[in-house]
Structures are given as structure tokens and as C-alpha cells.
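My structure is below; once you've seen it, I'll send some questions.
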Amino acid sequence: MDFDTPPSDTLSYSLDALRQFATEALTYGKSIGAGAMSVEASGSQGRGLSVRLGALDTIKLSHDQRLDVTVYDGKRRGKASTADFSSDAIRSTVTAAREIARHAGADPFAGLPDEVELETSPRDLGLFHAWDIPVADAIALAVRAENAAFDADARVSQSSGASLRSLHRQRVLGMSNGFLAGFQNSSHSLDCAPIAGVGDDRHMSTWRSHQVDSRDLDTPEAIGKRAGMRAAAQVGARKLKTCRVPVLFESTQAVGLLGAFAAAINGTALLRRSSFLGQSFGTPVFADHVFIVDDPFIVGGLGSSPFDAEGVRVARRHVVEHGIVEGYLLSSYSARALGLRTTGNAGGPHNLTVCSTRTTAEDDLTCMLERLGTGLFVTHLLGKGVNPLTGDYSRGAAGFWVENGTIRYPVHEITIAGTLQGIFRDIVAIGNDVHIEGGLRSGSILTGAMTVAGR
């Protein structure tokens, strides 16, 4: 395979071929008395390159394939995998999984998903769009983005490069109960990372466009300009005195708050009692104007899927309604262990979106800054600084000091602190400037007063 070969021509196996491999494994498992089992046959093909200062820096090609077999011997589970799709390798993998299951400890919650929960009519959600771009054209796009960053502001003095990536994935899932389904999806991105300023006053910022369909990507000029302006805007950043003020999280950072919530209501965290939201079902966690929706059916969505990682039926649902937690993110295993029903979230959230009944068509970033009034506008966060067990929140940050709705100057080397419980409860407004990061979607989030530690 070379970079100029179209993705559609680099597939070693079609979906039909993957179905045949999965069926072969299931048939062989039945013949040796393997009992209940699931098989996933998958493959991915990736292409990526980066440029720096107008020249090609790196170019990478990847090609992966895998067959994963899970066998259940009563409540004992065995797993084995192979990258070899030959009949001998498939049979050896099934046999290995069966033998592992025989010697594994019993788990009362192990087993295939209940048949009634499985998806019988998967939807076509428009998740696969091949990008047949020659390497010369790919380099040209990245160079255009980098050049646009330099053109955006005279203070842009250096570059960490611009990158283009394209990935095609496909998977087929089969089970001994008759389930057999698969789908393809794609992911394409273009990003740029310029550096502005000189000496000790240098700042790097990035901007990326990421889509299922390459035709939906922002132009290289728009990406580079946005990245360059963001980097230049940080030049001359000051430190703040320690204070307690309202905080506006830019949408790029607000998705991190949503991600922390998603992690806290994930079945594994709940099962391990490692979540600060362990007893949150039916209780108010957010301000009463906040809703959070899980929607797997957005056509072309980065977080969309016709079924979850276990083949379970997915559905659009409210996870939070009027600030109250109405659901978790559960797999069949975690649901059994918690005495609940699977939510079709094995593999994570599906286009999880936070929104507010207060949001209007006018609530762009300018309006959100006006709502902030005087306080901190956060555009960059550093480190992890989130305790999933307690909800304690402390992150290094950079952004802008805002007075009367107007940005006054950039700030850096500060720390914002509080608790996720407090941040969620004190959300004042959510903007319509939605940023998408994989399976998460959020506009800018304005919350109440937080401690801002500086000099």
C-alpha cells in the first residue's frame, strides 16, 4: 500500500469477507462445543502526514486487522485474538479462547447481551466517506494551512507544523445467538500549530477541523488563520492576582467538562465506586436549565453508531433533564452488575450534547462574553487536575481577562479551582458556538465564581 492508493482500494477484506471470517469462527466454535461466544473481525487503514515550514516533515501509513474471540463457559470468560485471518489461525484462536474460559474464575455478570437488546435493523448513518487524495495534494493542503497561520498575524514567528490525517475503519460483530452485523466509518482531519511571539513570550496554539466526510472540513486558510490568531492573541500575557470571579470556558475547553461528566456516569466507574456521581440517578446535578442528550443517530456524526460495541440497540435519550440525572452510560456487563438495564453505551457516549433552555440564536461567543461581564475567559487548560472520586477540580489555565464584556488582555500561569459539582450546579449559560470533540459536543459554558490563583 502507498499513500496515493485510494482508501477504498487498500482494504484487504470487504465487509462481506469479514462476515465470513466471523461466521467461520462461530461455526467452528459450535463444532467444538465452545458454547456462547462472540467474534469481532475488524480492520483499519490510516494515512497521515505533517509539514513544517513548508516542507514535508513526516508521512505515515498504517494497516491493522484483528479477530477477537470471546467464549463463555457458563459464567467463565476467555478471550483470544489474532491478526491472521487464515482458517488455521481462526480455529486456533477459538480453541485458545475456549481453553482460557475453562480455567478462568467465574463472574456472575459475564455473558452475551440479552437477545432482546440486540439491534436487528441497523441504520445507515452515512459514516463512511473515502478520501482519495494524492500525497502531493495532501501536502499542499497542510502547507496552505501553515501559510495562512503566518499570514494571520505578523507576530506568528514559528511553527510546530500542520498535519493531515485520514482513517478508514470497518468491523463486523457476530454472536452464537445469531447476531451478525457490521459497518464502515471514516475520520479525516486537518490541523495547524503555529507559534507567536519571541524570546520568553512565545505561545503556541492549535486549531483542528475533524469530520467523517472530508468535504465538510474547514478550508486550510480558515484553519490556519484561526490557529495563528489564537497564538498571537496570547502574546504579552500577564499573570493575575488571586481572585474569585465567574469563568467562561471556551467551547474547546467546555467539552472537557462534559467529558468529565461522561466518565463519572460510565458504568465501569460506577461499578468500581470510583465516581463522585455514584448515587446521582434521579438527583439534581446541574442547574435546572441544563439538558444533556445522547444521540447516536446524527447522520455523519463523529460519535454516531448503528449499534454499540456489543451489538446492543442504541437510542436517542436524555441523560440529564432539567439538571437531573436521568440515565447512565452502561454496557450489558455493568448494567447487570448494577442491577440495571444496558443503555447501549458499550464503547462510550454517542454525540453527547450539553444544552440549555436559556440558549438563544444570538448566544454566540460575543454574547457569552457580555454575559460574563467581568471575569476570566479560559481558552487553554493544562494538566489533568480532576479527581474522579471526589469531583475536586484544579487546572492550570490561560486565556483572557474580561471587563464589562470586553477582552482586556491575555493571561497565563494561573490555576482555576473548585469542584465539578459546583461548576455543574452553577452553570449560568451555554453558548450556541458548539465545538465537537469525538463523541462530545458543547458550546461555551459560563459558570459562577471560581477561585483563580495567580501571583
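Note that Cβ sites are derived from N, Cα and C of the backbone, with glycine treated the same way.
TrEMBL annotations: computationally assigned, not manually curated.
Here's the feature list from TrEMBL:
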- 42-101: domain 'Metalloprotease TldD/E N-terminal' (DOMAIN)
- 129-234: domain 'Metalloprotease TldD/E central' (DOMAIN)
- 242-454: domain 'Metalloprotease TldD/E C-terminal' (DOMAIN)
Go ahead and report the DSSP secondary structure tallies for the domain 'Metalloprotease TldD/E central' (129-234): helix first, then strand, then coil.
35 helix, 48 strand, 23 coil
Under the DSSP assignment, what numbers of helix, strand and coil residues are found in the domain 'Metalloprotease TldD/E N-terminal' (42-101)?
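Taking the domain 'Metalloprotease TldD/E N-terminal' (42-101) as a whole: 15 helix, 37 strand, 8 coil.
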Could you tell me the mean pLDDT the prediction assigns to the domain 'Metalloprotease TldD/E N-terminal' (42-101)?
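So the average pLDDT across the domain 'Metalloprotease TldD/E N-terminal' (42-101) works out to 97.
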